[in-house]
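**Q** Input: one structure, supplied below.
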Amino acid sequence: MNFKKGIIVTWVSIVLNIGLFAIKYWAGIVSHSVALVADAWHTLSDSVSSLAVLLGLKFSNMPADQRHPYGHGRAELIASLIVGILLAVVGFNFLADSIIKFKEQAAFNFKPLAIWVTVISIVVKEAMARYSIYVGKNIHSNSLKADGWHHRSDAISSLVILIGIFIGSKIWWMDSVLGIFVSFMIFYTTYGIMKDTISVLLGENIEKEMKDEIESIGLNIRNNLFLDPHDFKIHHYGNHSELVFHIRLPGDYSLAKAHAIASEYEALIEDKYSLEVTIHIEPVE
Ligand SMILES: [Zn+2]
Ligand SMILES: [Zn+2]
Ligand SMILES: [Zn+2]
């Protein structure tokens, strides 16, 4: 089953985040680094984001039931929203930290231990980002891809902290300015996640290529008979989509004949796309 791959990725993310939390917290205490302890708590909170993805994937794969006849596919979109909101919070925190650092002209004073932990964190987070985005694309999971972008944002913000450690002593404003830049990058990523998710939730129009393809399928059903497909409505429920549209048939056709044409048309479209198709028939005089 495809979604199992997604479940495995989210579990790996959760376990690695808890592991990183433990290392950062320990190193932060040992090296008396407030910044590293704060980063440790952030890393622990990242598990919540992956947990939302995990629950979204599990729910969205539950079969349709009496109360939810269209399945539970949209649960995954809700998970994407949660991931997006958590990422926005990360962006705000990073922006606030960077502005405070700029005002106080403070440079982080990291010990070698803290530097090593930060390097490990960058490598692990970027690996998690690649893994999540790769599998997310593979199983068409927006929430998993979004979580991958969160991992990448974490890697980049740690990289900025690292840059600050090495050149902060020479150019004091460098890491705060980079930090502000990175927080806007995080906001932009959040915007992308939210825009895609909300657009699908609100309901999108049928794509033009699909409409054209459906029109050309219609031309082959009865030679020379123009079915005039129109009024397309498509509803996406995660892994399940419903398509409804109208066709026109001669008014003197028997009900059986008209129904046979509509059924054949529905079947041909369902063969090509994973859709549930319903056709409404109108008579032309
Ligand atoms: Zn994070
Ligand atoms: Zn109509
Ligand atoms: Zn029928």
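Keep in mind that glycine also has a Cβ here, set from the backbone N, Cα and C atoms.
Because the structure is a prediction, the values reported are computed rather than measured.
Residues annotated as domain 'Cation efflux protein transmembrane' in TrEMBL: 11-202. Taken from TrEMBL, the feature domain 'Cation efflux protein cytoplasmic' applies to 208-283. Annotation comment: TrEMBL describes 7-28, 77-95, 115-134, 155-174, 180-202 as transmembrane segment.
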**Q** Please list, for the domain 'Cation efflux protein cytoplasmic' (208-283), how many residues fall into helix, strand and coil according to DSSP.
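**A** Secondary-structure composition of the domain 'Cation efflux protein cytoplasmic' (208-283): 30 helix, 27 strand, 19 coil.
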**Q** Which range wins on Cβ pairs under 8 Å with the transmembrane segment (155-174): 7-28, 115-134, 180-202?
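**A** Stretch with the highest Cβ contact count: 115-134.
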**Q** By Cβ distance under 8 Å, which residues at least 6 away from the ends of the transmembrane segment (180-202) in the same chain are close to it?
**A** 74, 77, 80-81, 83-84, 87-88, 90-92, 94-95, 98-99, 102, 142, 146, 149, 153, 156-157, 160, 236
